[in-house]
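Enquirer: Got a structure for you, questions after.
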Amino acid sequence: MYKKGTILVLAYLLIATAVCQLSYKEGHCPLRNSVSKCIPRCVSDYQCSFNEKCCPNKCGSESCVQASPINTGNGYKGSNDDVYCAGVKCGPYEKCQFDRKTKREKCVRT
């Protein structure tokens, strides 16, 4: 038979896992300068509707927007965020974009 403490620890871990999954949603944030919607403001993905993420906007805050299927990063030289496309690191001033002809992601100039 399990001890009462072991069962409580397992229950706590299950609840913590469920909460963590609710606060992060799949997908990537679009480029900050392409998010013109400044409201509603948010702090975490769990505050947004089912298909939206909490992402930086051009107003300097974060708001709920439709998630992007690809990682666009911010693509600017000197940023701390590297941008990768299909496992390849994009250069400075490049972002990851889906090419409709080849049906693949590729690095393009911003």
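Every residue, even glycine, has its Cβ placed from backbone N, Cα and C.
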Enquirer: In Swiss-Prot, Cys64 is listed as disulfide-bonded to which of the following: Cys48, Cys55, Cys59?
Expert: Cys48
Enquirer: Count up the helix, strand and coil residues in the domain 'WAP' (22-68) according to DSSP, in that order.
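Expert: Computed counts for the domain 'WAP' (22-68) are 7 helix, 13 strand, 27 coil.
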Enquirer: So what's the mean pLDDT when you look at the domain 'WAP' (22-68)?
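Expert: Overall, the domain 'WAP' (22-68) comes to a mean pLDDT of 83.
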